[in-house]
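**Student:** So TrEMBL says this about it:
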- 2-146: domain 'Aspartate/ornithine carbamoyltransferase carbamoyl-P binding' (DOMAIN)
- ARG54, THR55, ARG104, HIS134, GLN137, GLY270, PRO271: carbamoyl phosphate binding site (BINDING)
- LYS82, ARG173, ARG228: L-aspartate binding site (BINDING)
- 159-308: domain 'Aspartate/ornithine carbamoyltransferase Asp/Orn-binding' (DOMAIN)
Amino acid sequence: MKHLLDIKSLSNEEIMTLLDTAEAIAATQARTIKTLPVLRGHTLATVFFEDSTRTRLSFETAAERLSMDVISFSAKGSSVSKGESLKDTAQTLVSMGSEALIVRHNASGAPRRLATAGWVDVPILNAGDGTHAHPSQALLDAFTIRRHFIDDPLGKDLQGINVAIVGDILHSRVARSDVSLLNRLGANVTLVAPPTLLPMGIETWPCAVSFDFDEVLATQPDVVMMLRIQHERMNSGGFFPSAKEYQRAYGLDAKRLKSAGEQALVMHPGPMNRGLEITAEAADSPQAVVTEQVTNGVSIRMAALYLLLAHGEEISA
Ligand code: CP
């Protein structure tokens, strides 16, 4: 593995190594947070052209727990406003000593361009590009599901786990990466959305599609993953159905959660629109693992950095 760009670029072996390495790292963090010395003296840059709370801070926390130094770049307030290109921005950060770039960009394909254009020669980790991919989110989602449903999870896949992914699939890079990864791991995925929030060509994705949330909940899925309505990616006319109609047909509330059954884990990649795709009652219920997803994200990102940069050095607490 030279970069982390999307799920389809990973082999099955690389996926299992990422999940199992995250499991080993999580074990070192279980009681007290421990900084591991494996990447001391190495430097990472987070390069964000779009806003983020979880992904950026999670990668920065992961780097710090591996003893790395972090350079933090945001397009907002930078020389991007003066017209500086992605190439010149990346070369500037590498010239300051960055040995890996964590890139979030509004343009689908920007991280791949950086990885393949020959502008810089460091690992590129995609932290979310347009509507294309968010591989570290998918890995932390799979890791969270595996930890909940599979005893002794090392080396195990998600064969037979039923996952419903609900909401704004059209604009969701998380949905694309999750469908790709969960399918590769043997889970059965059903996407649930109104037709207006599904992308063209959805019939070619390796999953089922439903317009009826209540019908899917009645099948008692193992996981109900709610997605954010991405207002910022809608055109100026807003979205159809209206927020009220959407909430009524596709919002997860306490009644719907009860119909899904006690086995159902409630997941959300964040940030949540409380009161739209999910009520506070559902988001804060004992079945919700939203904060656990965030915790697991640090282990997954530590694993990705370790595998890309540590070149076989032992993980030791
Ligand atoms: N899940 C996720 O990508 O959240 P942020 O936008 O806060 O990074």
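Note that Cβ sites are derived from N, Cα and C of the backbone, with glycine treated the same way.
TrEMBL annotations: computationally assigned, not manually curated.
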**Student:** Return the members of LYS82, ARG104, ARG173 (the binding-site residues) with CB less than 6 angstroms from at least one atom of ligand 1, or none.
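**Tutor:** Near ligand 1: none of them.
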**Student:** Which state, by DSSP, holds ARG173 (L-aspartate binding site): helix, strand or coil?
**Tutor:** helix
**Student:** Who sits close to PRO271 (carbamoyl phosphate binding site): which same-chain residues at least 6 apart have their Cβ under 8 Å from its Cβ?
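**Tutor:** Looking at Cβ-Cβ distances below 8 Å from PRO271 (carbamoyl phosphate binding site), excluding near sequence neighbours, one finds THR53, ARG54, ARG228.
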**Student:** Would you count the other C-beta atoms found within 10 angstroms of the C-beta of ARG228 (L-aspartate binding site) for me?
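**Tutor:** I count 20 other Cβ atoms within 10 Å of it.
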**Student:** When DSSP states are folded down to helix, strand and coil, where does ARG228 (L-aspartate binding site) land?
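**Tutor:** Going by the DSSP assignment, ARG228 (L-aspartate binding site) belongs to neither helix nor strand, so it counts as coil.
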**Student:** Hey, how far is HIS134 (carbamoyl phosphate binding site) from ARG173 (L-aspartate binding site), Cα to Cα, in Å?
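**Tutor:** Per the Cα atoms, HIS134 (carbamoyl phosphate binding site) and ARG173 (L-aspartate binding site) stand 6 Å apart.
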**Student:** Counting other Cβ atoms within 10 Å of each Cβ, which of the binding-site residues LYS82, ARG173 scores lowest?
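**Tutor:** Across LYS82, ARG173, these binding-site residues, the one with fewest Cβ atoms within 10 Å is LYS82.
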